[in-house]
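*Asks:* Let me give you the structure first, and then I'll get to my questions.
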Number of protein chains: 2
Amino acid sequence: MKQLQDEITQALTKLDGGSEFHEDSWERPEGGGGRSRVLRDGAIFEQAGVNFSEVWGSHLPPSILAQRPEAEGHGFYATGTSLVLHPRNPYVPTVHLNYRYFEAGPVWWFGGGADLTPYYPFAEDAAHFHQTLKLACDEHHPEYYPVFKRWCDEYFYLKHRDETRGVGGLFFDYQDGQGVLYRGPNPKGEAANYSNQVGEPASRDWEDLFSFIQGSGKAFLPAYVPIVERRHGMEYGDRQRNFQLYRRGRYVEFNLVYDRGTIFGLQTNGRTESILMSLPPLVRWEYGYQPEPNSPEAELYDTFLKPQDWSNWTANQ
Amino acid sequence: MKQLQDEITQALTKLDGGSEFHEDSWERPEGGGGRSRVLRDGAIFEQAGVNFSEVWGSHLPPSILAQRPEAEGHGFYATGTSLVLHPRNPYVPTVHLNYRYFEAGPVWWFGGGADLTPYYPFAEDAAHFHQTLKLACDEHHPEYYPVFKRWCDEYFYLKHRDETRGVGGLFFDYQDGQGVLYRGPNPKGEAANYSNQVGEPASRDWEDLFSFIQGSGKAFLPAYVPIVERRHGMEYGDRQRNFQLYRRGRYVEFNLVYDRGTIFGLQTNGRTESILMSLPPLVRWEYGYQPEPNSPEAELYDTFLKPQDWSNWTANQ
């Protein structure tokens with residue numbers, strides 16, 4: 001996980017070319033700590049935050065024990081890397097990645113994923129992101145991508161707006177190599193339906209899953225960097241910038257209202273500055289905003305903020 | 001409640017002088033509706049939102065029934081007025097007001113309050129706001145202000161920042177004229193302690209409480225308008241504006257992470273645009289910000305974001 005943080009921050013520093021990451025190391029009094037790295041006012045990134053943390057303790061918080069009673073009476077260890085990149089140019093999408101590992105006595109699991117949040121509708125960007133992640137998944141199991149893609153659409157959803165956060169990607173949790181792939185809260189959703197049709201895949205061991213996590217982590221740069229490279233030079237004006245700042249409000253709404261990691265971190269005395277590093281540096285809200293019909297902004301709402309089969313998109317469809 | 005919305009929007013239009021309120025009326029399919037009024041880009045207010053709503057139905061949502069089982073099997077009626085004003089000048093504080101009434105069969109109660117969120121530390125503004133609200137309370141019961149002021153400090157608190165939202169004011173809920181005054185969730189807090197010392201005041205009827213609500217509603221303009229009048233002409237620069245935008249982030253964090261009304265509204269298919277009218281029009285987040293020692297910004301943190309006895313503040317203390 002630490003290595004993933006290193007690889008990604010090195011590559012992003014090179015890509016940005018205008019600023020560098022500053023690191024804060026922190027310790028957790030109850031055990032463990034982390035490294036928060038932030039790049040600000042770069043040539044490409046208005047803000048890029050990449051966190052690594054590794055924490056342990058003698059007993060789990062009650063909220064986790066309620067979900068996983070088998071972990072009662074054991075110490076725990078949890079580690080993860082997460083990032084959120086907020087580019088300045090509205091034609092470059094925001095992106096999020098998180099991979100994490102948890103163990104407590106006999107219980108262990110992996111979780112994580114990556115998802116893309118464009119401001120302007122470029123279908124080839126969404127398709128490239130999904131196809132790259134799908135390839136990385138398919139090397140480990142043919143049903144990972146179709147289940148985790150649907151789980152991502154379900155998770156990154158703003159109910160009060162009836163919008164997905166963006167074009168999605170992958171999301172999964174509680175992966176221990178046993179049982180069905182979908183372990184989320186909605187037994188009647190698309191992800192659960194698909195996962196139930198797949199049934200229980202052959203069991204996979206710790207090394208299999210670790211290798212899958214490594215593979216998806218490594219797929220992040222090839223999934224995202226080419227999109228930055230083809231968009232960051234595009235000219236934009238106040239209209240695009242204002243729309244980007246407005247849409248960033250949805251990122252804030254999602255992270256503060258729905259995101260389990262954010263809410264859990266804030267409620268359990270996590271390091272607030274590291275947790276809220278995901279929030280954009282500048283954000284607008286506007287009462288009653290509606291995109292102009294037939295505009296690129298309307299196309300974003302109509303097509304990119306609803307689940308789509310991006311990995312099968314082709315240029316001449 | 002509707003009348004309070006009318007009085008306040010008329011007075012604010014006159015005060016602002018540069019823009020006007022636009023109204024959206026909306027209906028709720030299950031019964032009732034509301035009027036949302038927004039003034040934008042005014043001479044004083046960057047955004048001012050004043051909502052009125054009145055809703056009814058044949059059965060309560062399960063989340064309310066869990067709290068108030070006596071209301072089971074009855075229809076309900078709920079009405080309220082709320083406002084949030086975001087001035088442009090960082091020397092003028094943001095303010096929030098909400099008064100609401102609820103009934104279902106034999107059960108009824110009033111709730112509400114008003115609280116002030118300054119960006120720059122003017123003790124006389126905080127004192128004026130509190131003293132004006134205290135006078136309005138004292139006309140109805142001498143223990144209303146001391147209990148509801150403490151309840152306000154408890155409610156408008158950002159745990160993950162260890163900061164109050166601002167200098168507070170009044171907050172109360174479930175007031176039906178019976179029992180102790182504090183009915184909040186924290187039995188060991190300052191508000192509960194004080195309220196327990198007071199004991200159970202003589203019972204008050206619906207008219208008594210309605211008259212108290214009217215009185216506190218009417219106290220809003222004299223509590224807030226003089227502060228606007230003495231601050232809105234003060235010159236400010238980028239430093240003050242940037243600090244205001246940064247502190248507005250706390251308003252967003254509070255409303256989306258902690259505010260029961262906001263979260264309840266979003267989860268129960270309330271009108272999203274009206275609920276989120278409270279969010280500021282432009283907001284900044286900055287990783288790791290710390291105020292400069294001995295600056296006005298540091299004074300805000302040290303004194304104004306902690307509970308203080310503002311109603312007893314005097315200029316020469």
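Along the chain as shown, residues are numbered 1 onward.
Every residue, even glycine, has its Cβ placed from backbone N, Cα and C.
Just so it is clear, the model here is predicted, and its values are computed rather than measured.
Heads up, here are the entries from Swiss-Prot:
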type	residues	note
ACT_SITE	A:His96	active site, proton donor
BINDING	A:Ser82, A:Asn98, A:Tyr99, A:Arg100, A:Asn269, A:Gly270, A:Arg271, A:Thr272, A:Glu273, A:Ser274	substrate binding site
REGION	A:38-47	region 'Important for dimerization'
REGION	A:251-286	region 'Important for dimerization'
SITE	A:His160	site 'Important for dimerization'
*Asks:* With DSSP assignments reduced to helix, strand and coil, which class does A:Glu273 (substrate binding site) get?
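*Replies:* The three-state answer is helix.
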*Asks:* Pop the Cα-Cα gap between A:His160 (site 'Important for dimerization') and A:Tyr99 (substrate binding site) into the table, whole Å please.
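*Replies:* About 27 Å separate the Cα atoms of these two residues.
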*Asks:* Just checking, which of A:Ser82, A:Asn269 (binding-site residues) has the fewest C-beta atoms within 10 Å of its C-beta?
*Replies:* A:Asn269
*Asks:* Under 8 Å, Cβ to Cβ, against chain B: pull out the ones among the recorded positions A:Ser82, A:His160, A:Arg271, A:Glu273 that qualify, in sequence order.
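*Replies:* Filtering A:Ser82, A:His160, A:Arg271, A:Glu273 for a Cβ under 8 Å from chain B leaves A:His160, A:Glu273.
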*Asks:* Using only the residues recorded as binding substrate (A:Ser82, A:Asn98, A:Tyr99, A:Arg100, A:Asn269, A:Gly270, A:Arg271, A:Thr272, A:Glu273, A:Ser274), report the maximum Cα-Cα distance in Å, whole number please.
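*Replies:* 21 Å is the greatest Cα spacing among the residues binding substrate.
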*Asks:* Kindly assign A:Tyr99 (substrate binding site) to one of the three DSSP-derived states: helix, strand or coil.
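*Replies:* DSSP call for A:Tyr99 (substrate binding site): strand.
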*Asks:* Between the Cα atoms of the residue listed as 'active site, proton donor' and A:His160 (site 'Important for dimerization'), find the distance and write it as a whole number of Å.
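*Replies:* The residue listed as 'active site, proton donor' and A:His160 (site 'Important for dimerization') have their Cα atoms 21 Å apart.
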*Asks:* C-alpha of A:Asn269 (substrate binding site) to C-alpha of A:His160 (site 'Important for dimerization'): distance in Å?
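*Replies:* A:Asn269 (substrate binding site) and A:His160 (site 'Important for dimerization') have their Cα atoms 27 Å apart.
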*Asks:* Reduce the DSSP letter at A:His160 (site 'Important for dimerization') to three states and note it down.
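*Replies:* Where A:His160 (site 'Important for dimerization') sits, the three-state DSSP reduction gives coil.
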*Asks:* Tell me the Cα distance separating A:Ser82 (substrate binding site) from A:His160 (site 'Important for dimerization'), rounded to the nearest angstrom.
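*Replies:* About 26 Å separate the Cα atoms of these two residues.
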*Asks:* For A:Glu273 (substrate binding site), what residues in its own chain, 6 or more apart in sequence, show a Cβ-Cβ distance under 8 Å?
*Replies:* A:Asp24, A:Ser36
*Asks:* Among the recorded positions listed here, A:His96, A:Arg271, which has the most company in the form of other Cβ atoms within 10 Å of its Cβ?
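*Replies:* Most Cβ neighbours within 10 Å: A:His96.
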*Asks:* Using DSSP, break the region 'Important for dimerization' (A:38-47) down into helix, strand and coil residues and give each count.
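*Replies:* Secondary-structure breakdown of the region 'Important for dimerization' (A:38-47): 0 helix, 6 strand, 4 coil.
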*Asks:* Including all protein chains shown, what's the count of other C-beta atoms within 10 A of the C-beta of A:His160 (site 'Important for dimerization')?
*Replies:* 21
